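Straight from TrEMBL, the features:
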- 1-36: region 'Disordered' (REGION)
- 11-28: compositional bias 'Gly residues' (COMPBIAS)
- 46-179: domain 'Molybdopterin cofactor biosynthesis C (MoaC)' (DOMAIN)
- Leu106, Cys107, His108, Met142, Glu143: substrate binding site (BINDING)
- Asp157: active site (ACT_SITE)
- 179-206: region 'Disordered' (REGION)
Amino acid sequence: MREPLPSGQGAVPGAGAPAGAGGTGPGLAAGDQGWTHLDGAGRARMVDTSGKPVTLREAVARGRVRMAPATLARLRAGDVPKGDVWAVARVAGILAAKETGRLIPLCHPLPLDAVAVDFRLGAEGVEIQATARTTARTGVEMEALTAVTVAALTLIDMCKALDRGMVIEAVRLVRKTGGRSGEYTRPDEPAWEDLGEPVGPPGPRA
């Protein structure tokens, strides 16, 4: 049986009501303004999702590692001293998605149904895309974003002997589905196929 939260230590205003329902108690204005991660006293808390339905949710995130043209050419040729950049960065991104609840303090640990990480060689560097899927009470956007970011960090680690000036940039949510807020698609986002040439075998489909 789940133990109740100690009085005054992270108690949720309006607890017991379905998510999104009104409640009583001091400081509810913070929640009314969209700051659901704050309690009535303005303290950080993990949002209570127990009243939300379990639904299928998916998120797609992208990012880029900008690098020197010579480094990009070495990646294209598969000439990187540390080995298979794509395999290592892909696995790192998948592992990171699974650890998001431990890395980001207020994220819920989610049972991920699938995660895929893919790469393309763009005009200025490597484009990264991660897709995450879960059947849960909260969204999977942070898992997709974390997968992209850690895949980018791993790519830099694999290539830093060739290029010390690489930059991670443009990490963003591209699309999400499921949940109370419905669907979101980033405006004017190009198709993945238009961002560059594919590299290595594609990741398993999410």
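Just so you know, glycine gets a Cβ as well, placed from its N, Cα and C.
TrEMBL: automatically predicted annotations, no manual curation.
Annotated features, which come from TrEMBL, shown on the structure.
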{"residue": "Cys107", "record": "substrate binding site", "Cβ contacts under 8 Å, 6 or more apart": "Met46, Thr100, Gly101, Met142"}
{"residue": "His108", "record": "substrate binding site", "Cβ contacts under 8 Å, 6 or more apart": "Met46, Val47, Thr49, Gly101, Ala136, Arg137, Thr138"}
{"residue": "Glu143", "record": "substrate binding site", "Cβ contacts under 8 Å, 6 or more apart": "Ala59, Ala97, Lys98, Thr100, Leu110, Leu112, Val115, Ala132, Thr134"}
{"residue": "Asp157", "record": "active site", "Cβ contacts under 8 Å, 6 or more apart": "Lys82"}
- Note on the structure: Three-class DSSP assignment, Glu143 (substrate binding site), comes back as helix
- Item | Max CA-CA distance, Å, over listed substrate-binding residues Leu106, Cys107, His108, Met142, Glu143 | 13
- Item | CB contacts for Met142 (substrate binding site) [other CB atoms within 10 A, all chains] | 22
- Message: Using DSSP, what is the helix/strand/coil residue split across the domain 'Molybdopterin cofactor biosynthesis C (MoaC)' (46-179)?
- Response: 46 helix, 45 strand, 43 coil
- If you draw a 10 Å sphere around the Cβ of Leu106 (substrate binding site), how many other Cβ atoms fall inside it, taking every protein chain shown into account? 12
